[in-house]
Each structure stands twice: as structure tokens, then as C-alpha cells.
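Data first, discussion second: the structure below is written as C-alpha cells.
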């Protein structure tokens, strides 16, 4: 008799554990139309514009009342934010910032934050493996919303950071219909660089997949962010390696000022920059940063890729043009070290002339640009080689919009060490014209010396060039 009582008591406790979960809601209600949602561990918080930092209301798959209780807007688009690996087991500070920026740009939208913190706090390889289960959770949730409420998945935009980008990709591959867009914010590299498409973010996971790569420094498979292109458009700001303001010198300065408590922030500075670049695109919609298609970052650094013909340039971030090429498009741009991140790109071409054949390596120069709106002075650049009667192309950028170019100054910087030959006779070149192309406006300008030729000497005064007045030159420059 006593054993039967104990058995009934144990059975009662077991049934109670099945039927009570998540704020007292009954788990049995999560069996809807023959589908069991009780295996979903991820939580889906619909945050509000008034409280972007707290998960105050959860949408629970299988519990239809939760959708009404959270005031889900069925007629608006939905953003689903998926965080990455975490050391602390808490949301990182960028999450409420992204939520706030999304609501500021799309006030009537739904912004859902996926909580998989318990799985994301494990050792990295374990958390990386969990992205498959998290992706399955998100897919089940989205399919339920589509089936139960006829909510169109074409209104869904998934945004995943680091490991969350791959979870977003897996989710997109498992939904009954494709979601509209997935944005990968520096998708994680380790365990995914050589993974097959079904196990990571890929172009097939949504109608359009765009990716920002901001921390790809290191050998493939060991860099924090994935190196290879995994979307329809893959953008590599500042080459995709280190980001401005995230260098070692900055790290030492911050440690000296704030102590070692911020070391983890510095380690992920470039990684997390992907999120802040996207936030910038939401808040500064009238001035989107422009990226340019290029075969390599080396060619981009030479200024050879500032063309916008045939979709060769695109906006970075929220206002990207959804161009779906057969092959993934790798694009590059420069940015500032802080918001707003937009800069203005220029290709500069200089022909160095002379009667004597000379070659100099690793030469430092400064150029100053003057326009109708502002000027940008003493912009440093280095040419790996300068030889007589050769033309060199390189990339410059300014942090301010200087308007239409009117004039420029060019200076050849003297060596930091003393040289008897330079003291006795400074080397120099004749320069007749300098060609400049503005990436943002696509305008080309040819600058001429005030004389027929200007003699540029190392360590001497800068040489001034003004816009050429020859109409035929202007026609050729486009």
C-alpha cells in the first residue's frame, strides 16, 4: 500500500513538472495542432520602445495568448536579434542599443530578442554546437507564427551577431518559407570557417543575406570572425581585420585609465564594431556609408575599385540595395573610429616625371584637399615605391564632406633619419597633373600645376595644384 502511495506521489510531481513552466503558464498548452513546442529552450522577448533593455514580455510558441498579451503588431515587420557567445551569461551592452535604433528607424515594428544565454555561456566549442539547436528553436517559433497567425515570413529580418549569425542562418534554412533578410554581424570564425553551408550562415538561408566582417585577423579558422564570404553581399570595413580605435595603443590607454576590468571589451572591440556599424546605418539614414566591390583589399587600398557601375558599390547596413549576384560580392570601405562612421573615399593618381632614373622605397607624403564646403589638410600616405616616369594610384579618405574639389597641395616628407645625400641635394620629381576620383559622387577631377610642371622636392615646401581649365580634359574626366 505504501509503495502505491509513493508511486502516486512521484507521478503527481512528474505531471506537475510537465504542466507548469514559464511564469505559471501550462506547458500542455504548448502542444498545438499536434505540434509539441516544449523542447524549445530559447526564449523570445518582445521588447518595447519604452524599455529596450528588459525582457518584460515573452512570446511563447504554442501559447497563443502570449502573442496578444505582448501586443505583437501583426501588420508590421519583425526584427529578430540573436546574440552570440557570452562569458558573463548576461546580455551585452549593444543589445538594448540595437533594439532602440531599430525602433527609432521602424517605430511600428516588432523587435524580438532571442535569449539563449544558458547555452551561450558554455565553453566556446560547446556553445558553437548549440547554434544548431538555437536555430531550430527560432525556426519552430517563426513557423508557428506563420501557421497560427498567418504572419508572413517575408516581413521577418533576422540579425545575428557572432555565433548568433550562424544560428540565424540555420533558422532561415529550416523555416517553411524563406524569411526576407538575414544580416550577419561578424559571424564567428572558429568551427565555421570550413563548415558546410547547412551548418553555418549561407546565401540560401533567406531571400537576401548581407554580412559585415570586422575582425578577420589571423589564419583561417582561428580568426574571431569568419573570413570567407557567406552572404549575397559581404562587406569588409577597413579590410575586415582591425577597426579604427581598436589598436594596441588604444588598449593600453584604456587599461591605464580604467584598469583591467575592460580588457574583455578591448578584445572584442573589432568584433563588436559590426553591430555598431549597423546601428549607425539605422540612425544616420540620410548619409549611409558606401562600400565598393573589389577583388582584394590590396587593390582597394590602391584606389582601383571606386566604381558604382553595374552595382559595383552599395550602401552598408540597413539601407543596402538587395542585389543578389550569382557569386558572393566582396566589398570594402574605410570608416571613422566612432559614430558617425561614414568617410569620403578618393582615388588619387600621380605621374612622377624626371630626366634621371631614380627609385625610392617606402616614401611618406602628405596631401591636402580643398573643396567648396570644407578642407582636409595634411592627410598622410605612404607609397611602397616611387620611380621616375611611373604612375601610382592610391586611396585616400576624409572624415568630412569637403564638397566639390577645387585645389590640392602635395608634400614629400623628409626621412626621420639624417642623410648626407638628402642634405646636399634633395631628390625630386616633376609633376604635371594629378587625377582624383571621388567615390561617393563618382566625379573625376584633373588638377594641373600652375606652371607647366611643378618640381616636388623631398622635405621642401608643398606644391599647389588647381583644377585644370582645359575643357577637353574635363570631358575626358567624365
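Using N, Cα and C of the backbone, Cβ positions are placed for all residues, glycine too.
Worth saying up front: this structure is predicted, and the values here are computed from it rather than measured.
What Swiss-Prot records for this protein:
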DISULFID  57-70  disulfide bond
ACT_SITE  162  active site, nucleophile
DISULFID  246-269  disulfide bond
REGION    246-269  region 'Essential for determining substrate specificity'
DISULFID  294-313  disulfide bond
DISULFID  305-308  disulfide bond
DOMAIN    344-467  domain 'PLAT'
REGION    420-424  region 'Important for interaction with lipoprotein particles'
REGION    433-437  region 'Important for heparin binding'
DISULFID  448-468  disulfide bond
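Within the set of disulfide-bonded residues 57, 313, 448, 468, the entry lying nearest in space to residue 305 (disulfide bond) is 313 (CA atoms). Residue 313 (disulfide bond) sits 26 Å from residue 246 (disulfide bond), taking the CA atoms of both as reference points. Residue 308 (disulfide bond) has 448 as its nearest neighbour among the recorded positions 162, 269, 448, going by CA to CA distance.
In the three-state DSSP reading, residue 269 (disulfide bond) counts as helix. Under the DSSP three-state reduction, residue 246 (disulfide bond) is assigned to coil, being neither helix nor strand. Around the residue listed as 'active site, nucleophile', the same-chain residues six or more apart in sequence whose CB sits under 8 Å from its CB are 83, 84, 85, 185, 186, 187, 188, 224, 225, 271, listed in sequence order.
Around residue 294 (disulfide bond), the C-beta neighbours below 8 angstroms that are at least 6 residues distant in the chain are 300, 304, 305, 330, 331, 332.
Following the DSSP three-state reduction, the secondary structure of residue 305 (disulfide bond) is coil. Per Cα geometry, 269 is the residue among the disulfide-bonded residues 246, 269, 448, 468 nearest to residue 57 (disulfide bond). Recorded residues residue 269 (disulfide bond) and residue 448 (disulfide bond) have their alpha carbons 43 Å apart, per Cα-Cα distance. Ranking the disulfide-bonded residues 308, 313 by C-beta neighbours within 10 Å puts 313 at the top. For the pair residue 70 (disulfide bond) and residue 448 (disulfide bond), the C-alpha distance works out to 65 angstrom.
Ranking the disulfide-bonded residues 70, 246, 269, 305, 448 by how many Cβ atoms sit within 10 Å of each one's Cβ puts 305 at the top.
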